[in-house]
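Copied over from TrEMBL:
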TRANSMEM  35-54  transmembrane segment
BINDING   43, 45, 46, 50  Na(+) binding site
TRANSMEM  66-88  transmembrane segment
TRANSMEM  109-136  transmembrane segment
DISULFID  148-156  disulfide bond
TRANSMEM  236-254  transmembrane segment
TRANSMEM  261-281  transmembrane segment
TRANSMEM  293-316  transmembrane segment
TRANSMEM  328-351  transmembrane segment
TRANSMEM  363-383  transmembrane segment
TRANSMEM  409-431  transmembrane segment
TRANSMEM  446-468  transmembrane segment
């Protein structure tokens, strides 16, 4: 890229005195070691969704068949996007709202990331609050969800025995037309001879664990829904408070503290998954469950914590670097806002609110952001992006030195063709097959679509703002919105010298250049005023 192009783009940016001083006076926090960054990345890769969401998605989408699209997306979409975002952040030493100097038009992607992370944090921490509630409740012996209690319905049963009609008669029982086998051999449980008939007769059998969660913990099913969420539950408010206090304590001191805490939080999900696996394979029916995961149902293919909070905090602090001096106040304020926005989730109808947020807050937004990232990278230049990576970690960035060309070809192919193509396919497929949540009234859809369009809103509005506020003709304004600014590059001077070795016209000291241009502008104004 020539000096002329970068110089033209620098004129398109408005630089005030605070913006200039912020880059020199406010030093960004650094990782204390490579392990801090490694464990932070591992902690984000495996977290709440792997335990809470993944088993359900796999089971409801064909079992083993689910792993075909899953691993396809992980290899060709998830990993390339993760690596891309990591390189951009590490190379520029910037957060999501300030790292877009390489293509200013897409700066709205950073605000979209913060918005999606903000919405996700609100309801994700509510799930953590449930876990704290269960930790406290499990101190009782036996645990309260072991048997049906005062909170249960008439269909709550401790155990269910399934007999055939012949077995029902052989046990001196009566096979009723509603599917129930009336027998005295199992006084402590309900006996069915036909589960289908029982379901058709309105006998919706539930177990204590399910009813304890829905009726005792959440208060769900007590006549409240999203149109009337009911009163808040004090136990959940306290649990949510504990969850947010822990987040504040871990993040307020910055990555020097959270980088150490993540050693525990990053490894505990793996340990928990191992424990759940070992426990699961010893339960009755484990063989059938494993078989369902291994043997795919191909017909299903035809149907359609800390890191998130830190994303929000980093995005805001990067826009106002002076907030780093009062990080405690900033963290408490942001987490406090999320806490109060999460209070509706503690109501009896909070589960419906969570379903609304979970359905609309991410999904399309994430796909839209990823597509814009790939587009911005195309405009920036894939080969230059690879050189930026090599400038950080060396040319031999593959596991084996002789595979460097293969690795370079792999990443360029993914970022250039494979990843955006798959993202576009998923986006269009989801748009065609999008359905509303039937149990919600129509007005709720407008709230959902508001969350769903948040990413597009930020990207388009801020992109238009960048063009409108630029200087020059309309062609120059549009051009300057899609080329790197003089501020793009590493934060440290010695690293910028390295980049200047392979980028023609790269500005090594943008602050000095900006100060000179501002002085010249002031002198020109004084000269014009003197002449007139």
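Even glycines carry a Cβ here, placed using N, Cα and C.
Relative to the transmembrane segment (363-383), the listed stretch 409-431 leads the set 328-351, 409-431, 446-468 in CB pairs under 8 A. Between the transmembrane segment (409-431) and the stretches 66-88, 109-136, 328-351, 446-468, the greatest number of Cβ pairs separated by less than 8 Å involves 66-88. Long-range neighbours of the transmembrane segment (328-351) within the same chain, counting only residues 6 or more positions beyond its ends whose Cβ lies under 8 Å from a Cβ of the stretch, are 118, 121-123, 125-126, 129, 214, 218-220, 222-226, 228-233, 236-237, 240-241, 244, 247-248, 251-252, 309, 312-313, 316-317. Classification of residue 156 (disulfide bond) by DSSP places it within a strand.
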